[in-house]
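Some features that TrEMBL has for this protein:
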{"type": "BINDING", "residues": "48-53, 165-166, 190-196, 215-219, 284-287, ALA341", "note": "GTP binding site"}
{"type": "BINDING", "residues": "SER52, THR196", "note": "Mg(2+) binding site"}
Amino acid sequence: MASWLGSCFLTENAKVQRSRSRKIDRMLARDKKNSRLIVKLLLLGAGESGKSTFLKQMRIIHGSDFNEDSLREYKPVIYMNIVKGMKVLIDARNKLKVPWEDPQKEEYANRIFSIESAQDMDESDFLPYVDCIEQLWQDKAIKLTFDRRREFQLIINKRTEVPGDSLKYFLENILRIGQKSYIPSKLDILLARKATKGIVEHPIKICGVPFLFVDVGGQRSQRPKWYKCFDDVTSILFLVSSSEFDQVLQEDRMTNRLVESCDIFETLVNYPLFTGMAFILFLNKTDLLEEKVKQINIKDYFSNFSKDPHSLTDVQSFILDMFDNKRRDKSGLLYHHFTTAIDTENIRFVFDSVKSKILQDNLKTLMLQ
């Protein structure tokens, strides 16, 4: 009798365990299916290519946008960008030996240089320096130094972050930004720069389809983390700062930035895991490239360039070929777009095209999962 009861108990217990196991298996299968229904876009590219700016645009266009509180959160970043940028200009003026238009500006420069840390500056920290910054920006010495930024590469350094184009915008708007009532505009936050550290995921539902944008830091120190994001990727969106053909990496002061981007792209596009996957190439910062080709000859940096160095179309075609020629297997799809990440309408138009291609290319897979 005892033996029968024990056997009965074990049988019932086994049934409960088996039922739990099946329930867990169903949950895991459902989660796996749901994860495959998500369109996972991996944003890759070298530092300063515009990945974070693109993601801000996705939030503006398709996400929850930025309410007033969200906009205010960018104030310390903008303050930091301005102070660190001005400190670099002051230091560069000294090194380039550009004389002050007004020698009294040296006193203002010393005040700015006395700021020990621009990290996490709040309004009360920043506002006392607004007049100094504005006065310095109006001095021809600082503006001439800014115009010579190629000589010292105004990306500041590894500990700062703001690129030269953003700094000029902020300095030209210093009196507006220096008001107590200041609330950053959408353009302000698009131009605000804080380097991405680690892996940041941004889920956004677009036209009823769940997209997961994965942003990974582009600096050399951040790239070993990329492989952690490679599972279940739908497409890779690779961003290039196309205007940087005359600049070198901050990390080694030797490698051409465009060549570095091209080398990264070559590694990714030929990576076995991504065979047959659609790659989307954003040749970004078209607005800056358009201005740069008017003044700088790309042939000075790429001797194999043979067309009109002052033609935007010719230069863009050359840059596109640089990347396309890195593909060993041409059977995979490569979509390319010339973009300006700070231009919301440009990104809206381009991403509508990208979204349609991604969904079309993956529709069969998504429907079968």
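Heads up, the Cβ atoms here are built off N, Cα and C, so glycines get one too.
Any TrEMBL annotation is an automated prediction that lacks curation.
Predicted, not measured: the structure shown is a model, and the values here were computed from it.
When the alpha carbons of LEU190 (GTP binding site) and THR196 (Mg(2+) binding site) are compared, the span between them is 14 angstrom. In the three-state DSSP reading, THR196 (Mg(2+) binding site) counts as coil. In sequence order, SER49, GLY50, PHE54, LEU239, VAL240, SER241, SER242, THR339, THR340, ALA341 constitute the residues six or more apart from ASN284 (GTP binding site) in its chain with CB-CB distances below 8 Å. DSSP classifies LEU190 (GTP binding site) as helix under the three-state reduction. Here the CA atom of THR196 (Mg(2+) binding site) lies 10 Å from the CA atom of GLU48 (GTP binding site). Long-range neighbours of SER52 (GTP binding site) (same chain, six or more residues apart, CB within less than 8 Å of its CB): ARG193, LYS194, THR196, ASP215.
Secondary structure from DSSP puts GLU48 (GTP binding site) in coil.
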